[in-house]
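What follows is a short report on a single structure.
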């Protein structure tokens, strides 16, 4: 079997959390680290490589590289960018990180890369769109982390309320990875039973669902206030996405996919249900949203479109 090669651009807390998770799960055999701080990247590579003797699977090659290493990579994961500060929204970071993303995108394009890109740099919906427009790559070959983490938070909170495992909960947030995301309760279920039935039986209330939604949406701020950054959760999410690509899983995931008339919107990447496989995301699953859900998604997309225009202006 061909060795799977993953390039990571950005070896900060998010990038290295992804690496730690990916290496432990054995999803690839070769990892290349790229960062403007080469010394720090080398330190991370050495530190991670020290665990090779204890892995339950085959040896993983971990080293620092350059953009020339991208040309034959299977997947590139981009986590580089200025970190989010306490009290700052992801949207506040757009101008600085759009410029960083443009420079990364140009280097990757120049390398001759033809694989799948997974973007997690924030604001992720905006920067995934910037990466797509700068590189001109096939839209399906570019995946944003979308609302995967937001939806995982929603699932965990519902699970805790009903005292079940988070894996038993199917519930999602759509739209921006951020404050304007909207819950899609009409498709939600617990162990196959619609959420609406739990509400009808008095086991959940609409007020509790609203509280859960707000807690999930604002969880990042809570974590950042307490420990200055979020990275473990998104690291595991990125591993899940990359594994779905490398293993051709055809997995339904809440990732950032390009809207081309889907749900009434176009021209941006944002968090929607899509099938992920070795082609990237192959198709978006077009649900029938309620009027309230559609209005929430419309508002999120409208805000993202406005911010994308600011990002475009910043990188001209």
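Note: Cβ is positioned from N, Cα and C throughout, glycine not excepted.
As annotated by TrEMBL, domain 'Lactate/malate dehydrogenase N-terminal' applies to 5-144. Summarising the annotation, TrEMBL assigns NAD(+) binding site to 10, 11, 12, 13, 14, 15, 35, 67, 97, 103, 120, 121, 122, 145. Positions annotated as substrate binding site by TrEMBL: 84, 90, 122, 123, 124, 125, 150, 151, 152, 153, 230. According to TrEMBL, the active site, proton acceptor annotation covers 177. Annotation source TrEMBL lists phosphotyrosine at 221.
When the binding-site residues 35, 84, 122 are compared by Cα distance to residue 221 (phosphotyrosine), the shortest distance belongs to 84. Counting only same-chain residues at least 6 apart in sequence, those with a Cβ under 8 Å from the Cβ of residue 12 (NAD(+) binding site) are 35, 79, 80, 83, 231. Among the recorded positions listed here, namely 84, 150, 152, 177, 230, 177 has its C-alpha nearest to that of residue 120 (NAD(+) binding site). Applying an 8 A CB threshold to same-chain residues 6+ apart, the list for residue 150 (substrate binding site) reads 173, 177, 181, 216, 217, 254, 271. Counting in whole angstrom, residue 10 (NAD(+) binding site) lies 15 from residue 84 (substrate binding site) by their C-alpha atoms. Taking DSSP states H, G and I as helix and E and B as strand, the domain 'Lactate/malate dehydrogenase N-terminal' (5-144) has 70 helix, 25 strand, 45 coil.
On the 0 to 100 pLDDT scale, the model's mean across the domain 'Lactate/malate dehydrogenase N-terminal' (5-144) is 95.
Counting only the Cα atoms, the space from residue 84 (substrate binding site) to residue 122 (NAD(+) binding site) is about 8 angstrom. Put simply, the two farthest-apart Cα atoms among 10, 11, 12, 13, 14, 15, 35, 67, 97, 103, 120, 121, 122, 145, the recorded binders of NAD(+), are 22 Å from each other. Scoring each of the recorded positions (35, 221) by how many neighbouring Cβ atoms lie within 10 Å, the top position goes to 35.
On a Cα basis, residue 152 (substrate binding site) lies 17 Å away from residue 14 (NAD(+) binding site). The Cβ of residue 230 (substrate binding site) lies under 8 Å from the Cβ of 14, 220, 223, 224, each of which sits 6+ residues away along the same chain.
Cα to Cα, residue 122 (NAD(+) binding site) and residue 152 (substrate binding site) are separated by 18 Å. The two recorded residues residue 97 (NAD(+) binding site) and residue 124 (substrate binding site) have their Cα atoms spaced 10 Å from each other.
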